């Protein structure tokens, strides 16, 4: 299995380089369990979902703490057939394929109940894509049903779903959506935007 | 058919509101053929691909002309089974399902040859997702083969492909990728990032 993300931080300030560089230290506790490579467009983070999502949460919280308007963007992927297996991605976090949808939804909700708060609000918008054989819309609709009961659901929009809440539960909700829907050996991706301190919020 | 995008501009400057507001006037020539709605995270643009991609190109060119480091982000989608048909999305731009892959590649290359330049460079990174039945990886690999011959191909990265060139051919390449690969009634999405004036470019 290969899993990871292409991640970017967009601080809407003249001091954007400083916000990005200082936020990156939030990844330090995770670096042994992730492979990280940066270019001018995004940072590749390779590793298992149970490490990746907390790392993204802490990166977001550090950037949001600058109090600038900052957006974290990520293209997340697991099981892409075009990517090689990588031992660093080994995980037990993916749902059992024989487990029915309602049981996976219950497991996701139980995991959320144990999630700590961070003190930073996250306004997130994301799309979950399930590729390959099987009824991909059933998995997506099952995921949306879970989201509506997650406590972080804001509203559905065209092409995506909005979440709002403390960053802890919001990133945990995203992790559950990524891990529990779509087959464990399938190709699942998320297109994610998380916005902090927007002046457009009244 | 329903097609469109959730689009955001991220100008990395204290004057980000001004850059966004002044760039939006680039959409004016297209407004009669698009439906546009904005919230604090993104702007929904609904309409056919042959209008949508030139509109995104002109929005990007206007923002890049500010000479600030600006990123345009878009979640593009066509044929999502969860969205209603909309007459504004009617299009003849999607490939014929019975047309073989090499013929669709040739058509895409011919369309690119007629694309005007804009004078603004675009560094783009994107992922194409083809959902539902059928061999989605064959369509994606066929698209990547087209990209490599497009004249805008930069390199493959994990989870995505980088393009570089004048914004005219780059957005035209994205339009061809979106329209000619994956079945015309299928669910096809693109996760797109286009970066201008990054200080990380030597």
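Cβ coordinates come from backbone N, Cα and C, glycine included.
TrEMBL has this to say about the protein:
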DOMAIN    A:3-83  domain 'Thiamin/hydroxymethyl pyrimidine-binding YkoF putative'
BINDING   A:9, A:43  thiamine binding site
DOMAIN    A:122-200  domain 'Thiamin/hydroxymethyl pyrimidine-binding YkoF putative'
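Using a 10 Å Cβ-Cβ cutoff, residue A:9 (thiamine binding site) registers 25 neighbours. Around residue A:43 (thiamine binding site), the same-chain residues at least 6 positions away in sequence with a Cβ under 8 Å from its Cβ are A:6, A:7, A:8, A:36, A:37. The average pLDDT computed over the domain 'Thiamin/hydroxymethyl pyrimidine-binding YkoF putative' (A:3-83) stands at 96. For the domain 'Thiamin/hydroxymethyl pyrimidine-binding YkoF putative' (A:122-200), the number of residues in each DSSP class (helix H, G, I; strand E, B; coil) is 27 helix, 32 strand, 20 coil.
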